[in-house]
Amino acid sequence: MHNKQQVKIGIIGGSGLSESEAKKEIITIKTPYGEPSCPYEIEKIDDIEVLFLRRHGQKHSIPPHKVNYRANIYGFKNFGIERIFGVFATGSLTENIPPGSIVIPNQIIDFTQGMRANTFYEEKKVVHIDFTEPFCSEIRHYLLETARKIGINVISHATYICVNGPRLETAAEIKFFKNIGADIIGMTIMPEASLAREVEICYAAVAVVANYAAGISKFPLTVKEVIETMEDSLDAVGFLIKETIKKLPEERKCLCKHALKNASF
């Protein structure tokens, strides 16, 4: 049986990231925002326990625009989680970031505004969090340092543009997104990242580039291509996250834990 007080790290991923044969402890958490994507799982990394959640549900049955992001993040907060690693499949908008690349993005452009429930503060209290730097600087530092030490090549700076989906983009949309500064594209980082900031959870992303986006790829885009590339990269991503978790200091020294300070009237 786990000690809830000792589980401080969460991982949000898709199918395939958590496939160990060890018996897992299943945690069901109820929230005022409805049901999370699925029950949480307690995983063990050496002697460190982490709380894992499959963003799209146990059988990848929830499309990006239907994920209950508020319930998912609330569940982590309710459990006492202080840091979250988000894992993503993305498309590349530039030939400088080829399929198979592992990216630690540092910026976000959100094209889901107004389409998804994106805040915990809709009534009684108005909160405006500082989202200048959308990812935890401390986790990013340890991800990049760990990648260098264990010999995993990562791209250290990239802007992730989040779209609503579930359809893939047109070639004209991709050209536009590239022109406004996006490097990789996906459908799930928002409002996940900003909700984590609203509850003062540190959050960082590890993105796998599954394919070139529309108009850049010379071939039709397929889900099979995404799945195959993700499967090829999961070992490296899992190893990077596990080794990073082992190096994180117990006490957080970033600004994320004070995100609500001076954020409301």
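Cβ coordinates come from backbone N, Cα and C, glycine included.
According to Swiss-Prot:
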{"type": "BINDING", "residues": "Ser15, Arg55, His56, Thr188", "note": "phosphate binding site"}
{"type": "BINDING", "residues": "Met187, Asn211, Tyr212, Ala213", "note": "substrate binding site"}
{"type": "SITE", "residues": "Glu169", "note": "site 'Important for substrate specificity'"}
{"type": "SITE", "residues": "Val223", "note": "site 'Important for substrate specificity'"}
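The structure, with features from Swiss-Prot marked on it.
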| residue | record | Cβ contacts under 8 Å, 6 or more apart |
| --- | --- | --- |
| Glu169 | site 'Important for substrate specificity' | Gly91, Val163, Phe177, Ile185, Ala213, Ala214 |
| Met187 | substrate binding site | Pro64, His65, Cys162, Val163, Asn164, Gly165, Pro166 |
| Thr188 | phosphate binding site | Arg55, Pro64, Val67, Phe88, Cys162 |
| Asn211 | substrate binding site | Gly91, Ser92, Pro99, Ser217, Leu221, Glu225, Val226, Thr229 |
| Tyr212 | substrate binding site | Gly91, Ser92, Glu95, Pro98, Pro99 |
| Val223 | site 'Important for substrate specificity' | none |
Site of maximum Cβ density within 10 Å, from binding-site residues Arg55, His56: Arg55
Assigned conformation of Tyr212 (substrate binding site) - DSSP reduced to three states: strand
Pairwise C-alpha maximum, in angstrom, for the residues (Met187, Asn211, Tyr212, Ala213) that bind substrate according to the record: 15
For Ala213 (substrate binding site), the number of other Cβ atoms found within 10 Å of its own Cβ: 26
